[in-house]
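Copied over from TrEMBL:
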type: DOMAIN; residues: 28-187; note: domain 'NADP-dependent oxidoreductase'
type: ACT_SITE; residues: 52; note: active site, proton donor
type: SITE; residues: 81; note: site 'Lowers pKa of active site Tyr'
type: BINDING; residues: 114; note: substrate binding site
């Protein structure tokens with residue numbers, strides 16, 4: 001399957017849209033509206049995780065958009081991740097079934113192991129679980145587990161059709177190699193965070209000014225043209241729209257501050 005200007009083929013499953021809506025750290029009550037706006041704008045890729053605690057809002061928004069005839073389920077690419085205590089072998093199935101229920105879908109397009117270590121959902125006090133609970137020394141509370149055991153449980157979900165493709169996130173080179181060598185169903189992607197420091201880089205700012213674009217648009221466009229899938233996060237309608245407007249208005253070169261109009 002060949003790549004298009006809007007999506008990249010994967011080893012299995014349907015192509016992944018190059019631009020998706022990120023939902024990490026979106027405040028409760030804001031995600032549902034943000035997803036609805038994103039669908040209206042043209043986004044067809046929504047990224048979430050068990051640890052984001054917003055799958056239910058996302059599911060509500062997607063369900064409403066589908067029922068309204070704005071989009072079909074087949075047109076939407078849903079990514080979620082097993083985070084924290086959900087990324088241990090004996091919890092994989094139940095956590096994935098919980099995701100399916102919250103997202104109001106019969107299958108997940110891409111399921112990732114969020115981190116190569118499992119982080120406890122427990123707290124040292126009585127507060128609700130946090131995204132990354134810490135111990136008294138401020139270190140993540142990890143659980144003894146082997147990520148390959150978790151991955152093998154995820155493979156079973158692909159066999160059953162509950163998940164269409166698998167991936168990993170925040171793994172180092174040695175860990176990626178191990179997953180590739182020992183897995184039956186190969187990972188389709190490697191997710192990682194991006195540094196937002198370049199948004200203030202003078203060269204980026206200058207290019208943005210010359211093109212009447214935002215620094216975010218310049219950086220996102222540069223990544224997309226290199227075949228890197230981007231997941232800009234926003235709950236503001238204007239930013240959701242501008243982050244998606246990355247069509248062929250320019251072709252940025254690798255040389256600093258230079259670009260070629262396409």
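Backbone N, Cα and C define each Cβ position, glycine as well.
Keep in mind that this is a model prediction, so the values were computed, not measured.
Here the features listed in TrEMBL are placed on the structure.
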{"residue": "52", "record": "active site, proton donor", "Cβ within 10 Å": "21"}
{"residue": "81", "record": "site 'Lowers pKa of active site Tyr'", "Cβ within 10 Å": "25"}
{"residue": "114", "record": "substrate binding site", "Cβ within 10 Å": "22"}
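The DSSP secondary structure for residue 81 (site 'Lowers pKa of active site Tyr') is strand.
Between the C-alpha atoms of residue 52 (active site, proton donor) and residue 114 (substrate binding site), the distance comes to 11 Å.
Cα of residue 81 (site 'Lowers pKa of active site Tyr') to Cα of the residue listed as 'substrate binding site': a span of 5 Å.
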